[in-house]
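Feature annotations, reproduced from Swiss-Prot:
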- 1-21: transmembrane segment (TRANSMEM)
- 22-222: topological domain 'Chloroplast intermembrane' (TOPO_DOM)
- 223-244: transmembrane segment (TRANSMEM)
- 245-343: topological domain 'Cytoplasmic' (TOPO_DOM)
- 296-331: zinc finger (ZN_FING)
Amino acid sequence: MIPWGGVTCCLSAAALYLLGRSSGRDAEVLETVTRVNQLKELAQLLELDSKILPFIVAVSGRVGSETPIKCEHSGIRGVIVEETAEQHFLKHNETGSWVQDSALMLSMSKEVPWFLDDGTSRVHVMGARGATGFALTVGSEVFEESGRSLVRGTLDYLQGLKMLGVKRIERVLPTGIPLTIVGEAVKDDIGEFRIQKPDRGPFYVSSKSLDQLISNLGKWSRLYKYASMGFTVLGVFLITKHVIDSVLERRRRRQLQKRVLDAAAKRAELESEGSNGTRESISDSTKKEDAVPDLCVICLEQEYNAVFVPCGHMCCCTACSSHLTSCPLCRRRIDLAVKTYRH
């Protein structure tokens, strides 16, 4: 039988190790990117390193836009706004009780051209949603209760529903917040600089600094590797334990089979002596049988006194039979062990 617990632990250890290596490589890549301390230096850096493609840089600044979006509920101005609306209701389940559920009614997203500005210059940002670490903040969360119309309430109740209301959530990338972006720096046809996702290489958008990103990736890499070592040790332990148990079980079965064969041979020898001898020899063999009783083939100490159902064999004592699941003679499954009284 395959030790699935140990195999699963080893596979988990391999997956965690690969995650750790991936995080470690990402941290090493971020350490090699060109840091742009001031955005006005980007033009000079592009001219010096124009032969390097893609030219990966790390820039920092505050989010800005010429045409920001004003959120409807919170009034926050942002460059990316996502709005979702969920209908919340109670419904009848199969047991007849009411359970709460929800359904998505609306999912809308808006984005305007935006840039990073550090006071010295600005750089436009393209495709930030596909970047690692990109996240929007919750601008507002409003719950609008459903109207109490008698007709509508009756129809919903007949359908097994009770409308609670609509939950509207606005997520926004507000203007003015500081961001760090790691990506490919390019110069477009009209002479403006922009940061975009490279064909190969890292692409990060985060509110953390570059040093914090590298530190976090290093911590995750070490954590994954430590967890991988733990799962490896546990998996090896479980597999080794299974192998040892299997070896001991096979040895026990061989010893048990040897005991059964020895007992059967001894019993056959005694029966042959009793059938071929005279009455005196029968008496002598009876004495021998009394000297060598019908012992349990397991412990070889107690007389066998348990009959196995359904096979009908009797070769063990009641104490040993309580630990068996199959008959030592025919290997059939034991449904019941019945104690017998011998005279």
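Using the three backbone atoms N, Cα and C, a Cβ is placed for every residue, glycine included.
Source: prediction; values computed, not measured.
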* Please indicate, using numbers and ranges, the residues of the same chain that are 6 or more beyond the transmembrane segment (1-21) and have a C-beta under 8 Å from a C-beta there. => 220-225, 227-232, 234-239, 241-242
* the zinc finger (296-331) - residue tally per DSSP class, helix then strand then coil -> 4 helix, 7 strand, 25 coil
* Could you please provide the mean pLDDT value for the topological domain 'Cytoplasmic' (245-343)? => 75
